[in-house]
């Protein structure tokens with residue numbers, strides 16, 4: 001369900017410049033923004049932020065970036081960060097296509113893609129976050145041993161992503177064809193994931209690296 005547009009969202013986000021980058025002011029100096037040398041994990045398309053804020057709370061030794069282009073959605077993430085007093089998470093309000101403007105080559109240790117828009121129509125293939133254009137960006141910002149963790153309830157997108165990544169020269173270290181049936185204790189659910197798994201939807205997951 002698409003969140004209703006909130007005309008006041010931009011002003012709300014601008015009140016927390018130490019947490020939120022809405023204008024590219026921290027582009028190219030993300031590590032300096034955190035002011036430490038901890039590993040950086042990114043979630044592209046964070047939605048309401050349940051996944052990444054839960055992860056950040058569990059792992060204070062890691063720096064997290066929530067990248068979400070919709071300002072009306074990002075305010076939900078910001079509220080969670082403030083309410084939980086998290087200091088190891090920053091928010092970037094921009095599109096994934098701008099990744100290499102924000103991150104230096106090899107600066108990121110892990111990238112999460114959770115329940116991305118499947119863009120099912122063939123003419124929209126290039127918009128999928130596992131299309132080769134995006135994979136090239138991920139390869140650039142990830143460390144040599146960096147990982148992509150991907151989850152979806154869309155079988156078509158999962159199959160496409162496996163093929164797209166394979167053709168790009170990636171390999172898979174883990175593939176789950178029914179995540180919740182396997183009872184993975186390390187799994188952290190997104191809001192979307194909980195909603196659809198409760199309805200019996202199968203959740204697909206994989207972890208991948210570049211050769």
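Including glycine, each Cβ sits where the backbone N, Cα and C put it.
Features of the protein shown, as given by Swiss-Prot:
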type	residues	note
ACT_SITE	117	active site
BINDING	43, 68, 95, 117	S-adenosyl-L-methionine binding site
BINDING	121, 153, 190, 191, 192, 193	substrate binding site
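Site extent for S-adenosyl-L-methionine: the farthest pair of Cα atoms among 43, 68, 95, 117 sits 14 Å apart.
In this structure, the CA atom of residue 68 (S-adenosyl-L-methionine binding site) is 13 Å away from the CA atom of residue 117 (active site).
Among the binding-site residues 153, 191, the residue whose Cβ has the fewest other Cβ atoms within 10 Å is 191. Counting only the Cα atoms, the space from residue 121 (substrate binding site) to residue 95 (S-adenosyl-L-methionine binding site) is about 20 angstrom. Note on proximity: of the recorded positions 43, 95, 117, the one nearest residue 192 (substrate binding site) is 117, by Cα distance. There are 19 other Cβ atoms within 10 Å of the Cβ belonging to residue 192 (substrate binding site).
Taking the mean position of the Cβ atoms of 43, 68, 95, 117 as the S-adenosyl-L-methionine site, the remaining same-chain residues with a Cβ inside 8 Å of that point are 44, 45, 46, 47, 67, 69, 70, 96, 116, 129. In sequence order, 69 make up the list of same-chain residues 6 or more apart from residue 95 (S-adenosyl-L-methionine binding site) whose Cβ falls under 8 Å from its Cβ. Largest Cα to Cα distance within the recorded substrate binders 121, 153, 190, 191, 192, 193: about 25 Å as a whole number. For residue 121 (substrate binding site), other Cβ atoms within 10 Å of its Cβ number 8. Here the recorded positions are 43, 68, 117, 193, and the one whose Cβ sees the fewest other Cβ atoms within 10 Å is 117.
Taking all protein chains in view, 23 other C-beta atoms sit within 10 angstroms of the C-beta of residue 190 (substrate binding site).
Comparing CA positions across the recorded positions 117, 153, 190, 193, the one lying closest to residue 43 (S-adenosyl-L-methionine binding site) turns out to be 190.
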